[in-house]
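These notes concern the structure reproduced below.
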Amino acid sequence: MHEALTERGLLATRLAPHLVRPVPILVPLPGGHSPRELPARAWRRAYYGAGVAAYDAFAGFFGGGRGMPVHRHLSRDGARHLFPSLRPDVVTGAIRYYDGQVDDARLVVTLARTAASLGAAVVTSVRAVGMVRQAREVTGVRVRDLESPTGEFEVRARTVIAATGVWSDDISAMLGDVGVRPGLRVRASKGVHVVVPRSAITGDAGLILRTPTSVLFVLPWGGHWIIGTTDTDWQLDRDHPAASARDIEYLLEQVNTVLDRPVSTSDIEGVYAGLRPLLSGEAEPTSKLSREHAVVEPMLGLMLVAGGKYTTYRVMAADVVDRAARRLGADVPSRTADLPLLGADGFAAMWRDRLDLARRHGVQAGVLEHLLERYGTLAPQLIAMIHAEPGLAAPLAGAPEYLAAEVAYAARVEGALHLDDVLTRRTRISFETPHRGTESAHHAAEIMGSVLGWDAEMRAREVEHYLARVEAERQSQKMPDDATADAARLGAPDVRGASPLAS
């Protein structure tokens, strides 16, 4: 826990304050209201309260509490005042605590750009297809360029680090059986989330609920709520994990146990699924597996890192890179704990002066706030694009929460090469709109095409692929189980024709 809390504090205050913000979360206290149940209610409040108090204490000690208010006990009326959609008959009160919330799409691209600004070569459209070996040592990687017909080529390195998540076993398999030390055993756990509009649930905080198989969160996300997650074993296509009707029904069934107005499938705006890389053996349920990370060296010249939590990405990277550096005779300690990501340095001052900045730049205050929360101190770069091309100030068709300038910026600066990249990986339009981005596709393709030089045929092809992807996802979400959902999702091939080992 201490690693996660320390890293949360670093992200919120130093590394990415423009991307991380505190969100209040309620832990509802269940139970009846008769006098006979008073001792049980008191015990539950003390039990949950002690856990949250310990969480706050650890956060304060390890620095993770910086920028996060402490927890507070609430009566039933207090809980319903903060979250009116709570059923009054199933809760006796709640405990409110705070955690950090981040847009992972923005964090990932910001991390990559920060690395590039420090000299890293970031190549997102190649796939590792094999290891280059000399005797019993790895000396490089054989890769395939997915955007070019040139085929495969070799990248030589004194040390190869593979941080490939649920594809870690594939990397190990590339070594064969000769001279290989034990590596990592990684299992994929599928997590499914549904997105509904803020109007579907009335509340000013999130919820956390214990379910029979996982922990369920109901979290505010701009003009939406995110409800998730599931935690089930996944052994099918890892490139595009598919949500089934069973997954969606499970989430709605669980959340509706505490809501005064049930959420139905007609409320759903979007659905998405991801895979957790968990370290373990064969028998345990994925919900019981460790969320810790490990670093191993199955063969000289190759290091694998897997497991871990999203919050502890920096610790994982420091562990494996420091180990590789020592092997190469460069025992230089990591400095990433003190290295703000792009857009972070000076963010507090820019946010404080945002109204004055909006006037000076000639943009609405709400527009500047939106850009600051997504790009930090890089927001003036997008404003400069708007001044140079005023049409980019318009909202994106079908997604008024985003500006046309953000699509152009993604293609020009952030390495987006396909429509998928913008609608699913630079923004979250693919699950934040009921149409899943289909009404934005043509406008976004026109903007990207003008930046990347697409002709009319290429623009049409990109739109066609994206529409096929959305339709395949919709069909998969109607299927009764994982196998049929996976088959339906595979009806739309990846635009790059490759797995995420490419990135």
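Cβ atoms here come from the backbone N, Cα and C positions, even for glycine.
Just so you know, TrEMBL annotations are computer predictions that nobody has curated.
Annotation comment: TrEMBL describes 3-313 as domain 'FAD dependent oxidoreductase'.
Marked as domain 'Alpha-glycerophosphate oxidase C-terminal' by TrEMBL: 334-457. Averaged across the domain 'Alpha-glycerophosphate oxidase C-terminal' (334-457), the predicted model reaches a pLDDT of 97.
Taken from TrEMBL, the feature compositional bias 'Basic and acidic residues' covers 472-481.
Per TrEMBL, region 'Disordered' is recorded for 472-503.
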How does the domain 'Alpha-glycerophosphate oxidase C-terminal' (334-457) divide up by DSSP, counting helix, then strand, then coil residues?
80 helix, 7 strand, 37 coil
For the compositional bias 'Basic and acidic residues' (472-481), find every same-chain residue at least 6 residues outside the stretch whose CB is under 8 Å from a CB in it, and list them.
242-246, 248, 271, 436, 487-492
